[in-house]
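Participant: Pulled the feature table from TrEMBL, pasting it below:
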BINDING   Gly160, Gln161, Thr162, Gly163, Ser164, Gly165, Lys166, Thr167  ATP binding site
DOMAIN    65-398  domain 'Kinesin motor'
Amino acid sequence: MLSSSSSISANGNTKKTINDFRGTFVKLISKAVTSEGSSATQTAEGARSSSKNNLVVSKTFDTSSFTVCARVRPMLPHERDSGDFVACVAGKSVQENVENITVCTPKLNFRGQPKIETKLFGFDHVFGADSTNEELAEVALKPLLHRALNGQVGVIFAYGQTGSGKTHSMNGMMDHILQSDLFNDSTSISFSYIEILGTYINDCLGPNDSRHSSDEAVAIGETMDGRAVVRNISSHVVQSSEELSTLVERAKSLRSTAATEKNATSSRSHGIGIITCTDRKTNIEGSLYVIDLAGSERSGDTKEHDKERMNETKAINASLSTLKDCIRARTIASQTGMGGNTHVPYRRSKLTLLMKDVFDAGCTRLCSTVVLATCSPLASDVSHSANTLKYSSPLRGGGILNDGGKKVKMQVDASDPVLWSNMQVIEWMRKTYPSIVNPSIFVEELSGVQLCALPEKEYYSRLENTGMSCADADSNKLAKDIYLAIWTLMSDAKTRKRRKDGSIITIEDEEKERLRIVKATEEKARTWVEREKHLKSEVSVVS
């Protein structure tokens, strides 16, 4: 927190604090964010930024794993009265398709004079203090909802400190879902809601008498084929927005909250809303996860906590630490020369295990994830805001980096279906599935990336268009085989080993390296044998 008064130094002189230079810092930050290209309409005095924020048209989420957004909440009236000021500002970057947040850390130099340290963090989309939940939903949630309705997986989660606006944003996403075109005759919709605190998992919509029963306890685990599943969770089929709204409000009312130093109604658990969309014709399921993470807390935020609050804080920070480790490992895995040797520890906590599809490059279903980093604009929270942005910003897909942080030119992977042309897709299908008489009818004008983006149920209808009836079990199996084959190729391409210069390490290269290591090991063993003989002969001579 900012100090509200000056202190007395050892020599009796008055020692100035950051708060004594508030007016100077306000001017320095205003000048810095303007020169960095940030929105000039949001000044350091706390004025709200433009609600338009130059939002980029929503991406199609074709094959990218992550779209990373950041949101800076507005100052609250009591924060203005406390003498705090804005040090975290949203704005538009001069770089194409990248928006930034400017974080200005106020400091005093060794002479006691005010200065600021400025750092930019780039994101796919940035939302300022005047942005609305409707704007956020249009950019971040709408494509995910489309994915879920087409048999795929969409995940959106908010990450940030306590009191930074996570719950407000995620509640806004749920409100948008209620107003969307979610309900139709071809899709069955069901809703579940759980909260996670440490190892304890609560079904907020389950029967009251089984909530604490060990026999009916909710459990998160993995199936034999590697899918993450939630067992003993109640699933409620809903027919309308009104029914879904009733369940959402019930779940909100039962979620654990408590007053903390930063927030009077702080979420003390991770809340996870799960919307399952099942196609009535093919029974293919798509899922949308709306995750409101509990806020991380610093030691200064916990000074008034009792023992129960402290235990909750430890459990929250432990799971968020695991989430950070998974994000860090997932980022490293995207770097050239590193992916094959990087372990993502998503099994370390129940939260990250549930989010396995987010971190597993070999996921068999297309999983599109939106990370929303929420930040407080306050100078007193600037270190926490910078930490939030530091972990979330690297996830955005701005190109492949080597371990020096520089972009490298990647060797084209001819086996990656994302890169195939329409003719290459048709040729692959003709060679791989000769039973399809005319594969061009199946593929039409789709390129490789478009084919990879198709939902699973689309493969069944396209196969039917070729003259093969999907009522036949063999045809159903063929459609499934084509879908899995495409995703196997994509998964292999994601995890392909590369050198740090971006070149591909082929199977032949790996075999040559294995033989080289074997030869070197054998040579080393022979050297040691010769050395032992020499030592024994010297001992014999001395004797």
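Each Cβ is built from the backbone N, Cα and C atoms, and glycine gets one as well.
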Participant: What number of additional C-beta atoms lies within 10 angstroms of the C-beta atom of Gly163 (ATP binding site)?
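Facilitator: Looking across every protein chain shown, the total is 25.
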Participant: Restricting attention to the domain 'Kinesin motor' (65-398), give the mean pLDDT.
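Facilitator: It averages 80.
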Participant: Among the binding-site residues Gln161, Thr162, Ser164, Thr167, which residue has the largest number of other Cβ atoms within 10 Å of its own Cβ?
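Facilitator: Of the binding-site residues Gln161, Thr162, Ser164, Thr167, the highest Cβ count within 10 Å belongs to Ser164.
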